Every structure is written in C-alpha cells, then in structure tokens.
Ligand SMILES: [Zn+2]
C-alpha cells in the first residue's frame, strides 16, 4: 500500500517514468483532465479512461461548497461517488478561493471567504485543506498555498511565497502519516529566480512526495512561463515528480515537458470542447465556421476517437450550431483523446531518445494548418 516514483528514461531534460499508487500507475509525463465538481463535464468516467487518462484532478473549493467534503465522505469518498476508481489528485482550494470567492480575507491563519454559489461563509486553513482532501479520499494531496495575482511587486511576491512556505510546513504536519497517499509541496516565487530558489530550499527542507510549480499560467504569457521553467524544475529533487499546475495548451505542454515537467492539468480540452474548439495535429479547428457545413470528411482522418471515427465535420458543425448536447460530448472526447495522444507520443519519444524529432514533427504539423476547405 505504498507509493513510488520511478524514472525510466530521460532525453535532454525531458523525463518519462511512472508514479505507482494503490489505485494504479500514472505514466509520466501525465496530463490530468479536470473533473471540477466530481465530473469531467460531458464525459462518462469510462470514456475518460478510454482516452488514456491515468488520473483525474478534483477541485477542493468546488467540492467543499457543494456537495461538501463531509457528504462525499459519508457516501464513500470521491472515487465511489463519481465512479472513478483510479488515482485522483485534488488541489488545495487556495487558487480558486483567490479566483472565484467573494470577500476574501487573508491572515497568517488562513483564508475566510464567501461562497460564490450562495454567499455562505467559509474558512480554509492548511489544516482544514488537509482535512477536506482526506475526507474526499484524494490520492495526491496538494499543500494549501497562496498564489498572488501577477503582476505584483517583488516584495509582495516574496511575502506571499514565505507565507505559502509556512503553510506548507503546517500542511505537512496536518497531513500526518498516510501510507498509500502522497503530499505535494508547491513552489512559489513568481518569475524571480532567487525567490523560486528560496521556495525550493524551504520545500525540500520539509520534504514532500512530489513538488508542484505554482503561480504560473496565470496570465504571464508563454515566454515568461518558459523563462521560469528554464530553471525552476531543476531546483526541485530529481527523484520526485514535478507538477506544473494549470497547464495548458498543447505547445505549452510540450515546452514544459522539454524543461523537465512530469505532470500537468488543464480545463482547456474539456472547456474548449463545449465551445466548439477542437485541438488537432494541424492546430485549432473552430467547428462553428461555415466552411465545415458541407464537409463530409472527419475532423482528423488519423484520429481514432468517436468524433473522428463516426462523424463528419458537417455533422459536428450542425450539432454545435443546433446547441445539441452531443456536440460538447464529441468535441470534449476528441480533445481529451488528442491531449492523451500527445502524452503517449512524448513518453514513447523520450524512451526512444527521439524527443527532439518528435517535437519538430509536432510543430511542423501545427504550422501546416488545417486541411484546405473543399
Ligand atoms: Zn478525434
């Protein structure tokens, strides 16, 4: 009933391996679909698994407000509640309190806020976050942290990072000894190398099962994010998984893996699927465009997902325009399938020592653009 991380191969700074948990293995680099409120929207859990996902992400903030962590616990935990028996990672609630809740008040002790759903008052502290994630039954638990909105002064970023490091220590203490479950620390420090280094030293001093790179993908842009990723992953222990939170677009994922990241999560494939955007080998396709209305060809002739295997662009265009639910279902499936195909391609290429070639082909396919209209 223990957990482990084994690296199988590296190619440059890119790594491939496996995180073993009692609920199953997670192949890395891993992309985690987001199941915010106990569901990856528009997908059955079995379908999410069929796309190749080894692990899902659940959101502490949403679940604590509705249906509440205590209710999920009484009903047998999140895995049983949502019918997903493989690993689940939960975030700490910190980031979404900052982005969604009303009337936040931040102190050394924690954060109080009003629910964006019904205005009720709540508090999250490091100790409460650990309790909620334990009640949910999360396999990979995240430390409670604070993520300042960028741009911010160096002083504000430093103060926030040091608060997060004190909260990391309290999180570790409150998490306790839970065989079969992992606790990840979260590096902060904005886009300042010395602060990132200070944060990494503080976290490794406490000691975690894995390390996240937090505070990125919050609007700083890809160039600034890659700038941080040029040094931040290497500051974290090589023998533990490194998780870049909230990333990203396909080219963000590839660039992050190249710089030593092992895990990522993002709502993009599912959210875009519901707004008519498909990610393909040839870049983004907007299925709502009129050019698709008479097109009998599949979205991507090489894709084996149900949307591409069984339907035409004309049909996908029609159901999107008609606001039919199957539109979000099919495009979400395709997008999740495509993201997992990227991850499999990356893992195979790293194992074979051909990541640079794979990356060149990935960018060439996107540069070529979508197939010509009929
Ligand atoms: Zn497809």
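Cβ coordinates are placed from backbone N, Cα and C, and glycine is handled just like the others.
TrEMBL does not curate its annotations; it predicts them automatically.
Predicted, not measured: the structure shown is a model, and the values here were computed from it.
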Among 122, 181, 334, 363 - the residue TrEMBL places in the same Zn(2+) site as 303, 305, 308: 334
From 246-252, 253-259, 260-266, 267-273, the residue range that TrEMBL assigns the feature region 'RNA binding': 246-252
Per TrEMBL, 91, 92, 93, 94, 95, 145, 215 bind substrate; matching candidate in 187, 188: 188
Contacting positions for the region 'RNA binding' (246-252) when only residues 6+ beyond its ends and CB under 8 Å are counted: 95, 216-218, 222, 225, 261, 264-266, 268, 279, 338-339, 342, 362-363, 366
Secondary-structure category, per DSSP, in which residue 94 (substrate binding site) falls: helix
Other residues, Cβ within 8 Å of 303, 305, 308, 334 Cβ centroid (Zn(2+) site): 298, 299, 300, 304, 306, 307, 309, 333, 337, 338
Nonlocal residues around residue 305 (Zn(2+) binding site), in sequence order (Cβ under 8 Å, 6 or more apart): 51, 333, 334, 337, 338
Under 8 Å by Cβ from residue 188 (substrate binding site), same chain, sequence gap 6 or more: 145, 146, 147, 157, 160, 161, 164, 165, 195, 196, 199, 214, 215
